Amino acid sequence: MAWKCLLVLTIAFSAGQLYRTYAQTSSSACSDAKTCGECISLDSSCGWCTLLNYTDDTGNPQCDLASSLSQRGCSQIVDPDSTMVVRMDIPLSNAGSTPQGQAVQVRPQQVDLKLRRGKPVVMTLQVRQAEDYPVDLYYVMDLSKSMEDDLSKLMDLGDILASEMKNITSNFRLGFGSFVDKTVMPYVSTVPEKLIAPCTGCEAPYGFKNVLPLNENTNLFSETVMNQRASGNLDAPEGGMDALMQITVCGNQIGWRENARHLVIYTTDSSFHYAGDGKLGGIITPNDGQCYLDPISQNYTMSHYLDYPSISHLNAKMRENSVIPIFAVIQKEFEIYNNLTQYIEGATAGILAQDSNNIVQLVKDNYSKITSRVEVVDDAPENVTIDYVAHCPGGQVTPGSQVCEGLQLGDTVNFTLTITATGCPPNKYQQFTVRPIGFNEELKVNVEFACDCDCEAQKVENSQVCSGGNGTLECGSCICNPGHYGRYCECSSDDPTLEDNDAPCISPNTSIVCSGRGSCVCGNCICFPRPNPSEVVSGTFCECDNFNCDRYLGELCGGSDRGQCVCDEYTRRSQCRCRSGYSGDACECSTRVDTCMTGDTICNGEGVCICGECKCNAGSSYRGALCQDCPTCSGQCSRNEECVQCKAFGTGLSKADCDKCPFPVIMVDNLEIPTGSERCLAEDEDDCSIIFTYAKSANGSLILYVQKEKVCFEPVDIMHVIIGIVVGIIIVGLALLLVWRLLVYVQDSREFASFEKERAGTHWGQNENPIYKPSTSTFKNPTYQK
């Protein structure tokens with residue numbers, strides 16, 4: 001239990017330390033702001049006090065932690081929160097329950113945000129794949145010579161596709177287009193005859209042709225495909241990226257509806273050209289992503305003038321126009337196009353049979369992939385971050401996810417968006433969108449960055465508060481006119497570099513103005529007053545005070561009777577000036593030595609007295625509170641035992657030697673051991689023990705106290721001891737032998753009983769040796785009695 005309490009206390013202490021560190025850091029960051037707008041833009045925890053005399057009264061900056069401003073009595077704090085207003089919030093609905101094509105799949109549709117840096121807004125975005133939602137399906141085909149055999153399969157495709165898609169939506173339209181490649185070398189042969197007929201029965205090469213715009217007449221699709229002829233080119237990659245770009249951006253010519261799902265079926269048996277490949281044909285102008293379909297022929301007219309589009313450019317345009325491609329390609333090209341789907345939002349890929357007979361199934365399977373998944377993306381500006389939490393059907397909640405999968409048509413998914421501003425851009429009004437991939441609907445977000453204070457609109461120019469009109473009073477602070485500076489614009493100078501120049505107020509080897517405890521006024525530090533009038537901040541750079549010295553027992557410098565906190569004139573730091581009788585950083589030490597005395601000697605002569613306690617010399621063998629103990633020294637007992645024998649009992653030393661003993665011996669009946677002494681034993685000539693102790697007199701001389709009665713012991717008969725030991729050994733040996741014999745007997749008895757039991761239960765049977773052969777043999781005469 002104790003360790004749990006200790007753990008809780010440790011965690012609490014650490015949390016407190018972290019909070020204090022954070023508060024100090026945040027407060028320091030806030031205090032650098034000069035205006036209200038700058039203050040609220042620094043950090044979400046910063047606030048601005050608009051009281052005119054707040055800094056003068058409290059000695060703290062107008063920009064500080066909002067909590068600190070409130071604690072210090074500021075009643076007018078600017079600390080705005082981020083806000084959200086929903087401008088459009090039409091409920092979700094299916095196509096069948098609204099006018100044709102007007103299903104609502106994203107909610108809300110528009111919000112206005114006012115974002116302050118670091119203060120997030122949390123909102124919920126709902127998305128639902130509407131049932132019976134219109135579908136526009138455009139089929140674009142590679143009509144190079146190698147795909148000629150696939151054309152016949154497409155003749156019946158219109159009716160089959162329409163039949164299958166009616167199971168998904170009642171509003172389905174189908175279109176058709178084809179592509180080959182750019183009509184320049186080395187993509188196609190530029191021999192005049194080849195430009196007319198690159199192969200027998202082939203059509204002239206072209207980049208892309210919008211053969212049949214989107215419509216509901218599936219019979220027309222079959223007739224159009226029947227009239228198509230293949231063309232030819234030279235290199236293996238095709239110009240399909242040109243075709244996809246034109247299909248995407250030429251909405252009017254293709255026939256894309258605004259309220260429909262836009263799908264493109266792209267079939268080919270080859271890879272594709274992309275940005276940079278045009279240089280092979282001398283085409284260096286980048287693709288501009290514009291529509292260049294001839295209104296009459298519906299052919300791509302800039303094929304031989306513009307380079308192929310890049311994949312990222314194509315993806316951006318498809319995202320902009322909500323177009324989703326389905327790549328139906330042969331087995332050997334599948335890996336290329338499957339990798340391509342990773343760079344185009346919502347794209348899928350499938351393997352096309354050699355004669356394209358599985359195209360309908362590919363469309364069904366990939367359409368199911370598209371509609372069973374919802375992924376939201378955004379184009380938030382640089383200074384905005386969005387954190388997502390996906391709430392998918394079945395109660396699955398995934399923080400950090402923008403995707404829900406395994407959906408059925410009609411399922412509603414929710415995304416929690418935490419939108420946070422990370423800075424203040426030059427343009428404080430911006431707009432971005434959040435939308436599901438492949439949807440024509442989106443959430444439009446209008447953002448206003450809260451980087452200015454409302455009080456800034458109420459500024460007073462040439463205010464008398466600012467030293468008689470030398471500045472503008474704004475949010476309780478003076479913004480000085482040119483040539484003036486200072487808190488109230490009270491300083492003036494023709495040198496513009498002096499304005500906001502705090503260098504004279506910064507102590508050497510630091511970067512903090514007035515040590516963070518004052519304001520720089522006209523090049524001089526004016527130290528902030530303290531709430532406690534007895535506490536004073538002083539010094540050229542406000543570096544000194546009389547309240548930051550070390551403490552002892554909770555008191556500054558141990559209390560007024562021990563010392564006083566002053567500013568050292570040399571170090572310019574606060575330190576304790578101790579009164580007579582005390583020393584130490586916090587005047588915690590007494591200079592008295594009476595507690596260190598052993599007689600008339602300080603610390604037994606083996607140490608020094610510090611703060612009333614003995615500190616034994618480093619090289620000394622003496623230890624203890626008074627340095628009186630010496631574990632490795634020969635003690636007083638052994639040094640004085642001979643003197644005790646001769647002086648107390650007249651034995652041992654001769655009389656001449658005994659007279660040399662320099663201390664008195666006092667005989668006592670009952671020996672008491674003085675503090676700091678020990679009980680001594682000494683053996684005399686009669687093998688008796690003399691018991692004595694010692695002490696020091698007031699003048700430090702040694703006194704011995706001896707017990708009158710010696711302790712003597714009668715001698716032991718050695719023979720009896722020897723006999724006893726021998727007899728004991730014999731008895732123990734016999735006992736061990738008997739025990740061993742008993743254990744052997746018990747073990748033998750058990751084994752014999754086991755043998756008898758086994759023998760009694762054994763039954764022997766009579767059997768004939770299988771390899772025995774009798775000595776006689778009998779044979780029968782086969783002709784006997786015949």
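Backbone N, Cα and C define each Cβ position, glycine as well.
The signal peptide annotation in TrEMBL covers 1-23.
The number of other CB atoms found within 10 A of the CB of C46 (disulfide bond), across every protein chain shown, is 27. DSSP assigns C46 (disulfide bond) to a strand. Taken from TrEMBL, the feature disulfide bond applies to C36-C46 (among others).
Sequence annotations record features per position, and here TrEMBL assigns disulfide bond to C39-C74 (among others). Residue density at C39 (disulfide bond): 26 other Cβ atoms are found within 10 A of its Cβ, drawing on all protein chains shown.
Under a cutoff of 8 A between CB atoms, and with a sequence separation of 6+ in the same chain, the neighbours of C202 (disulfide bond) are K145, R229, A230, S231, G232. If you look up TrEMBL, you'll see C199-C202 (among others) marked as disulfide bond.
Residues annotated as disulfide bond in TrEMBL: C451-C455 (among others). Counting Cβ atoms from all protein chains shown, C455 (disulfide bond) has 17 others lying within 10 Å of its own Cβ.
For C466-C478 (among others), the entry in TrEMBL reads disulfide bond. In the structure as shown, the Cβ atom of C478 (disulfide bond) sits within 10 Å of 23 other Cβ atoms.
In three-state terms derived from DSSP, C475 (disulfide bond) belongs to neither a helical nor a strand segment and is classed as coil. A simple way to gauge crowding: the CB of C475 (disulfide bond) has 23 other CB atoms within 10 angstroms, across all the protein chains here. Positions annotated as disulfide bond by TrEMBL: C475-C514 (among others).
As annotated by TrEMBL, disulfide bond applies to C491-C505 (among others). With a 10 A radius on its CB, C505 (disulfide bond) counts 22 other CB atoms from all the protein chains. For the recorded site, C505 (disulfide bond), the DSSP three-state label reads helix.
Sequence-distant neighbours of C525 (disulfide bond) (same chain, 6+ residues apart, CB-CB distance under 8 A): C505, V513, C514, S515, G518, S519, G539, T540, F541, C542. The secondary structure of C525 (disulfide bond), as reduced to three states from DSSP, is extended strand. The disulfide bond annotation in TrEMBL covers C520-C525 (among others).
Annotated disulfide bond per TrEMBL: C522-C557 (among others), in sequence order. Around C522 (disulfide bond), taking its Cβ as the centre, 15 other Cβ atoms fall within 10 Å, counting all chains.
Residues 549-552, 556-558, 561-566, 611 of the same chain lie 6+ residues outside the domain 'EGF-like' (576-587) yet bring a C-beta within less than 8 angstroms of a C-beta in it. The domain 'EGF-like' feature in TrEMBL is assigned to 576-587.
Among the features that TrEMBL reports, disulfide bond is placed at C609-C614 (among others). C609 (disulfide bond) has a Cβ environment of 20 other Cβ atoms inside 10 Å.
Its Cβ placed at the centre, C627 (disulfide bond) has 25 other Cβ atoms within 10 Å. Taken residue by residue with DSSP, C627 (disulfide bond) is part of neither helix nor strand, so it is coil. Per TrEMBL, the feature disulfide bond maps to C616-C627 (among others).
Following the DSSP three-state reduction, the secondary structure of C643 (disulfide bond) is helix. For C643 (disulfide bond), other Cβ atoms within 10 Å of its Cβ number 22. Among the features that TrEMBL reports, disulfide bond is placed at C643-C712 (among others).
What TrEMBL lists as transmembrane segment is 718-740.
If you look up TrEMBL, you'll see 766-786 marked as region 'Disordered'.
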Between C451 (disulfide bond) and C39 (disulfide bond), what C-alpha distance do you get in Å? 9
Cα-Cα, C36 (disulfide bond) versus C475 (disulfide bond), nearest Å, comes out at 7
Once near-sequence residues are set aside, which residues in the chain of C199 (disulfide bond), 6 or more away, have Cβ atoms under 8 Å from its Cβ? K145, A230, S231, G232
Just to verify a number: CA distance, C627 (disulfide bond) to C712 (disulfide bond), in angstrom, no decimals. 36
Show me the subset of C39, C74, C609, C643 whose Cα is within 10 Å of C616 (disulfide bond); these are the disulfide-bonded residues I mean. C609
Looking at the disulfide-bonded residues C451, C520, C712, which sits with the largest number of other Cβ atoms within 10 Å of its Cβ? C520
Cα-proximity to C491 (disulfide bond), 10 Å cut-off, over disulfide-bonded residues C74, C522, C614, C643: C522
Which of the disulfide-bonded residues C455, C475, C557, C643 has its Cα nearest to the Cα of C466 (disulfide bond)? C475
If we check Cα distances from C475 (disulfide bond), which of the disulfide-bonded residues C46, C74, C455, C609 wins as closest? C455
